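What follows is a single structure, and I will ask about it in a moment.
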Amino acid sequence: MDLPRRLWALFAEDARWQDIRGRAAFCARTFAAIALALFCSFLFQLESPLSSVTTVMIVANPTVGALMSKSIWRVIGTVLGAAIAVAMMAVLAQSPVLYMMVLAVVVAFACLVATFLRLFRAYAAVLTGYTIVIVAAPAYADPNGIFVSALSRLSAVTVGVVATAVVFLVTTMRRPENVAAQIAQIVRDTVDHAMAYHNFRRGVAGAEAAPLSVTGEFRSLPTPLYDRRGVLMSRIGALISAVEYAATDTYEIRRRIGALRVGLSGLAGVVATYHPLWSSMEVTAPAMERLHAHLAGLMEQILAIVGRPGWMEDIRPIRALIAAARAHLTQAERNEADIAVLAAIDNLHDVLSQLDGVLLYLSAEHAPRHARLRWFLDWPTALRNGARGGVITLLAGLMWYVLHWSAGPMLMLYVVAASSLVSTTPSASRASVLMAGGTLLSIPAGIACHMLVLPRIDGFPLLLGALCLFLLPGVWMQFSPRWGIGAFGYSVFFTALLDVANPIRYHDLSLTNNWLTFAVACVLLVLGFRVVLPPDDRLDAARLVASIGRGVRRLALVLPETPGAWVTWEGVQIQKIMRLAMRLSLCMAVRERNAYTDAALGAVALGRLVVR
């Protein structure tokens, strides 16, 4: 009786049903791309047909813009890596130890750059690193074949990229209005958060946050407000990425991409402005209660406007409300003598000014043409990831050289590819464990496929069906927030484990050697990212805190000459705070984490005060 109820629950809940439909559609399109890529690989008689399938597994993405960006940067990285591989083999073919050392340096630099680059631009660095090994592996025994190997690799990648792009472009409806709807929704949620904050400050009975428990710390907010703030900041960060992807294949968004970046960053600044530290200057006086009541009423009026369809096409009613509220605050400021109330009025002026500027950037008609947002470069994390990638690449190369391991190229392939891929994640050390776990799961799957399935097939349809059957768990789980990295590792390296050549030749000792090599490579990956250079989230958080402090001091010494420079500065600090919250979530309790985040937001507010 329990199973039917669970099945009914799957179809009864709209959110869960939509998630299942989305995953099923993604799996169907991915398998169609695999079929097209594999068919073309056999048709063109490529030496390694499954390399195109591996490419499909890497570039496949339900968002067309993300897929196009991923594909373009993958081709760029492949071409660059192939060129470096040919150059290294030409210069260092007679010096294997020196070759390994130079390769370790190149991989370290690729991991460093992959940590810096945002979104799928990082795949150019990732592909540069492990394309060198893929291209050079067949030519280690005969260096004269390096050029042919490079062309073969580039052909397989091109087939996989083109097949994936064709399938996903044909089967996906591009809707720019979806991005506009997401932006409108995040603005509504931000205004609702501001209204809840002001209702809490004025002590409204029945307000969302008022009757709920407070964390109990000095200058703190209720737990629901903290939760909502964290969710809003995360959603804004994800929406900035979605806008970047949509700009890849949508002209209207690409034309306004700079303004949308700055506007969404400023919206995160509005959320960040509602921190509890400056509230200690407030007093529980009728004047203060009237201020918060007026702002809560303003946010309620704005919320009514932004709830209408198409409100972003004409923001004049909202700007008129904000201008009237600022005039009211100016009049109240002239009639007020209390320092605490004056400080609160000044902060509220700042919030309304920020919101007005954000609406200008996000509006279709009023968006400034020249708007830029500078990205934060986390040098300590990038240098550590680069050192990790270089060290384990050198270890793998020395193992191959000393032990004369026949599967040494496969060992190098996994170590370089996995270390480059995990360097693109926010926490490479934790991602390395998931990546290694997914790869280890792909080993028994590969054994079962090779021993039980492949010997019994005699045609392309059966081969395609077998591949899709074994890849289904990895593709289905690839967009799981918790297990996505492991599922990605399973899908990508399962295809690398299968020795489906043209034609297929079965050799048990060679296959067993490859499986053992992947197991050892997983150990090396975790060893490099968790033991040789282990993570220290508290130290990373302390560095971010120090960086925010230095940013405020530099701002005080050299004030920005234009409003755009201030927006750029605040955007960088908001990125630091988002990264700080992520680091603290790995090593601190919620209460302590909220206190640190509040302090960081207070530092940004101090920067705004310095500029004003």
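A Cβ is built for glycine as well, from the same backbone N, Cα and C atoms used for every other residue.
As annotated in TrEMBL:
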| type | residues | note |
| --- | --- | --- |
| TRANSMEM | 26-44 | transmembrane segment |
| TRANSMEM | 50-68 | transmembrane segment |
| TRANSMEM | 75-92 | transmembrane segment |
| TRANSMEM | 98-117 | transmembrane segment |
| TRANSMEM | 122-140 | transmembrane segment |
| TRANSMEM | 146-170 | transmembrane segment |
| TRANSMEM | 398-421 | transmembrane segment |
| TRANSMEM | 433-453 | transmembrane segment |
| TRANSMEM | 459-476 | transmembrane segment |
| TRANSMEM | 483-502 | transmembrane segment |
| TRANSMEM | 514-533 | transmembrane segment |
Quick check: do the transmembrane segment (75-92) and the transmembrane segment (146-170) share at least 3 Cβ pairs under 8 Å, counting only pairs 6+ apart in sequence?
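Between the transmembrane segment (75-92) and the transmembrane segment (146-170), contact is present.
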Kindly say whether the transmembrane segment (459-476) and the transmembrane segment (122-140) touch, using the definition of 3 or more Cβ pairs under 8 Å where each pair is 6 or more positions apart.
no
Do the transmembrane segment (146-170) and the transmembrane segment (26-44) share at least 3 Cβ pairs closer than 8 Å, excluding pairs fewer than 6 residues apart in sequence?
yes
Using a Cβ distance cut-off of under 8 Å, indicate which of 26-44, 398-421, 433-453, 483-502, 514-533 has the most pairs with the transmembrane segment (98-117).
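Between the candidates 26-44, 398-421, 433-453, 483-502, 514-533, the best contact partner of the transmembrane segment (98-117) is 398-421.
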Six or more residues beyond either end and a Cβ under 8 Å away: which residues meet both conditions relative to the transmembrane segment (433-453)?
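Non-local partners: 414, 418, 421-422, 466, 470, 474, 483, 485-491, 493-494, 497-499, 506, 511, 515, 518-519, 521-523, 525-526, 530.
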State the non-local partners of the transmembrane segment (398-421) in its own chain: residues 6+ outside its ends, Cβ under 8 Å from one of its Cβ atoms.
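Sequence-distant neighbours of the transmembrane segment (398-421): 96-97, 100, 103, 107, 110-111, 114, 125-126, 129-130, 132-134, 136-138, 140, 388-389, 392, 432, 435-436, 439, 488-489, 492-493, 496, 513-514, 516-518, 520-522, 524-525, 528-529.
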Cβ under 8 Å to the transmembrane segment (514-533), counting only same-chain residues 6 or more beyond its ends: which ones?
384, 387-389, 391-392, 395-396, 399, 405, 407, 410-411, 414-415, 418-419, 422, 428-429, 432-433, 435-436, 439-440, 442-443, 446-447, 493, 497, 499
